[in-house]
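Trainee: First the structure, then my questions, so here it is.
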Amino acid sequence: MKKTEMGRFNISPDEDSSSYSSNSDFNYSYPTKQAALKSHYADVDPENQNFLLESNLGKKKYETDFHPGTTSFGMSVFNLSNAIVGSGILGLSYAMANTGIALFIILLTFVSIFSLYSVHLLLKTANEGGSLLYEQLGHKAYGLAGKLAASGSITMQNIGAMSSYLFIVKYELPLVIKALMNIEDTNGLWYLNGDYLVLLVSLVLILPLSLLRNLGYLGYTSGLSLLCMIFFLIVVICKKFQIPCPVEAALVANETVNGTFTQAALALAFNSTADDACRPRYFIFNSQTVYAVPILTFSFVCHPAVLPIYEELKSRSRRRMMNVSKISFFAMFLMYLLAALFGYLTFYGHVESELLHTYSEIVGTDILLLVVRLAVLVAVTLTVPVVIFPIRSSVTHLLCPTKEFSWLRHSIITVTILSFTNLLVIFVPTIRDIFGFIGASAAAMLIFILPSAFYIKLVKKEPMRSVQKIGALCFLLSGIVVMIGSMGLIVLDWVHDASAAGGH
């Protein structure tokens, strides 16, 4: 069968992907996290590897000979798990504290199942549509509008991820410096100001790495991120059995040691009972409950990485890739559940939007937590340049796809992206707002709306009245409801907070 015929080869729903997926000439990997840096076009300028493919995909530049996948099943599971896990895990205890244990587990189960279903839709659409690139599926389905929707959603998600990483630097680096230098009085010290430190880290470390034309070895830092999060989970579980309940006692002790015995600490110490403080709640509804679904969707986004991982899978087939996805999603489901549960059962109603920061408020300085902070800081700092790379390339090929590489343009785009992200981190009040907004918008698009919309448009052999198409349509509508509903409630919460702040 000729290569030109492969894109029109339709596999049956029951086939494993047969000759089509095993003989695809889809040789381009979308660079997301670790997969981003394993391009098959080593001889092509990295900035010319088209992250946002144009309509001229037939050019020889993107045609290579067929290559079989070389990544083992186990390593594919690791890569996909690595693509799923991220900074969102730090906000899950906050989500549980504002939904209750039972409601959180229900929401976590539904979001994980829906995310897995969208992977199924995406894989089937890729086979039927003849592309292993997310943006190109959008272009084939809806032309320029579809391509821009996919590219815009991926870019927003990446900017959200970058912002959350820099928020971690803003929250945690001052605490690390304070602990290492044994500083108690933090008034007026610029090097303990999170905003200054974010700018300094961005200028001294992140910007030089981001200006590289080929990030190469930094691709392995995404694996470091997964290991750091596993270490973080182990520490969260251990600390549950070391921190007393109610945590008010530890909070007051910490406040007393630091010489800042605040009115809030006094109120917590004397106006709550141990029974109330240490009793888990199973269903909670308050103004912060609305952030639960966006935080969960933000935590499960991995879909731009699914197709390149599928392409690299040894003996690749759709069924085999779905098995990879099921194992990865189940592993992350357990990891997220344990992190959220033990974080919540440690602090109950005192959980902050970034769990690691909660420990410093309640426990104070701790060697084990200091090691966790250092590991997480190193991981997120080295991951930011990896995330910038596909954003910059998408912008470059959107604005000037035919121009030769220019260091000036390369530098301006990089500085602009990093500056914009720094402004978000400095002026957005909390990481919760990043999780909420990106989770309700870009993550909802990538999980719910785009895979189902592409499936409905590109899978021609199934009529609209078929069970599969009706299911995809319902999935699409549910995604629209989730996005509009979550965004609306989040905006209302922002307005309420602004009004309350103005009233004082």
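A Cβ is built for glycine as well, from the same backbone N, Cα and C atoms used for every other residue.
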Trainee: Which residue from Ser21, Ser29, Ser406 is recorded in Swiss-Prot as phosphoserine?
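Mentor: In Swiss-Prot, Ser21 carries the phosphoserine label; others show none in the record.
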Trainee: What is the disulfide partner of Cys245 among Cys228, Cys238, Cys278, as given in Swiss-Prot?
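Mentor: Here Swiss-Prot pairs Cys245 in a disulfide with Cys278.
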Trainee: Going by Swiss-Prot alone, which of Asn79, Asn254 is annotated as N-linked glycosylation site?
Mentor: Asn254
Trainee: Look up Asn10, Asn27, Asn258 in Swiss-Prot and give me whichever carries the note N-linked glycosylation site.
Mentor: Asn258
Trainee: From Swiss-Prot's topology annotation, check whether Leu355 and Gly143 share a side of the membrane.
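Mentor: According to Swiss-Prot, which assigns topological domains, Gly143 and Leu355 fall on opposite sides of the membrane.
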Trainee: Of the listed stretches 77-96, 159-177, 290-310, 369-389, which one has the most C-beta pairs under 8 A with the transmembrane segment (411-431)?
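Mentor: It is 159-177, which has the most Cβ pairs under 8 Å.
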Trainee: Per the 3+ Cβ pairs under 8 Å rule, pairs at least 6 apart in sequence, do the transmembrane segment (434-454) and the transmembrane segment (159-177) touch?
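Mentor: Yes, since the transmembrane segment (434-454) and the transmembrane segment (159-177) share at least 3 Cβ pairs closer than 8 Å, they count as touching.
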Trainee: Any chance you could find the range in 159-177, 189-209, 327-347, 369-389, 470-492 with the most Cβ pairs under 8 Å to the transmembrane segment (77-96)?
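Mentor: Of the candidates 159-177, 189-209, 327-347, 369-389, 470-492, 327-347 scores highest.
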Trainee: Check the transmembrane segment (369-389) against the transmembrane segment (159-177) for contact, please; criterion is three or more CB pairs under 8 Å, pairs 6 or more apart in sequence.
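Mentor: Result for the transmembrane segment (369-389) with the transmembrane segment (159-177) is yes.
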Trainee: Should anything in the same chain at least six residues away from the transmembrane segment (470-492) have a Cβ under 8 Å from its Cβ atoms, list it; otherwise answer none.
Mentor: 114, 117-118, 121, 290-291, 293-294, 297, 436-437, 439-441, 444-445, 447-449, 452-453, 455-456, 464
